[in-house]
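Chemist: Dumping the structure here so I can ask a few things about it.
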Amino acid sequence: MEGVPRRTDAGRQVPAFAPVEESGMIAMSVRSWTTRHELGLFLFLAFLLSWALWPLVLLNADSSPLVPFGPLGAALIVTAVSGGWRGVLALVAQLGRWRVRPRWYVVALVGPFVLTALAGAVAVAAGAPSPGLGVYSDWSGVLASLVATAVIVGLFEEVGWRGFALPRMQRDHAALSAALALGLVWALWHLPELVSDSSEREPAPYLLAVLAYSVLITWLYNRTRGSLPVVILFHAAINTAARFLMPEFPSRYDVTAWWCYAAVYVLAAVAVVAVAGASRPTTAEGPGVAGPTRRVSSG
């Protein structure tokens, strides 16, 4: 329906709803531009939304310097503009990819506790006092932390980092290159926490550990063909395992404990890359993202 024609000064007729057509063209132009720059826009919004409250720490030291839902919000905004509701549904649908082999859930849940316990043993061997065998004895506390972390941290972060960003980065780069690049971004994203209060984590080894996390999570994501539930569980287990063990070391051994922790995770990441071989194990495509499988050694 074009509406009732109206005459211009030149005598020619134009549709009465031309402004509507112009707004449609603008919307298409915005969508096209967003699609071409979606990864950069996502990163910009993820940092903007997450770091927005950082200045409030100057007014209230007890406030959180980091908003955890920044990556989720950024992914939803960019996807809504570039792909509409279909794109948003496709992004969120990755949360429903839970039908994977049970062993991957075992790896995601048990792996971080084994690696963290091993890191603790290495720290003790390096001279730190033993935290004892009862670190994880409070199973109800561990379970509560695991569930809360899965929702507050895993869900809010992983839909953005792995559900949105990783598939797009792997479209043009090898899995290892994408994992390391995303790991650097992810590590930088934690900067407000580390600068505002570094008492819980030693910045340098922690940031190195984040790079290793990214490699391990990328491996899990690809092996499970993009299962966000497995990735979220792994992320939650990493945080929970460290939260219960690392504070048990006296503060004067923090540096030793955290460097041992980082070393164990880095070795685990190196082992995964070595065992996985030269090619990416599977192609895990995110919504609206497709591309050839690339070699880990390339890109």
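Cβ atoms are placed via backbone N, Cα and C, with glycine included.
What TrEMBL records for this protein is below:
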DOMAIN    141-240  domain 'CAAX prenyl protease 2/Lysostaphin resistance protein A-like'
TRANSMEM  39-57  transmembrane segment
TRANSMEM  69-92  transmembrane segment
TRANSMEM  104-127  transmembrane segment
TRANSMEM  139-161  transmembrane segment
TRANSMEM  173-191  transmembrane segment
TRANSMEM  203-221  transmembrane segment
TRANSMEM  228-246  transmembrane segment
TRANSMEM  258-278  transmembrane segment
Chemist: Going by DSSP assignments with H, G and I as helix and E and B as strand, what are the residue counts for the domain 'CAAX prenyl protease 2/Lysostaphin resistance protein A-like' (141-240)?
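Modeler: Counts, helix then strand then coil: 87 helix, 0 strand, 13 coil.
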Chemist: Counting Cβ pairs closer than 8 Å, which of 69-92, 104-127, 173-191, 203-221 has the most of them with the transmembrane segment (139-161)?
Modeler: 69-92
Chemist: With Cβ distances under 8 Å as the criterion, find the stretch in 69-92, 104-127, 173-191 that has the most pairs with the transmembrane segment (258-278).
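Modeler: By Cβ pairs under 8 Å, 104-127 leads among 69-92, 104-127, 173-191.
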Chemist: Which whole-number mean pLDDT does the model give the domain 'CAAX prenyl protease 2/Lysostaphin resistance protein A-like' (141-240)?
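Modeler: Across the domain 'CAAX prenyl protease 2/Lysostaphin resistance protein A-like' (141-240), the average pLDDT comes out at 92.
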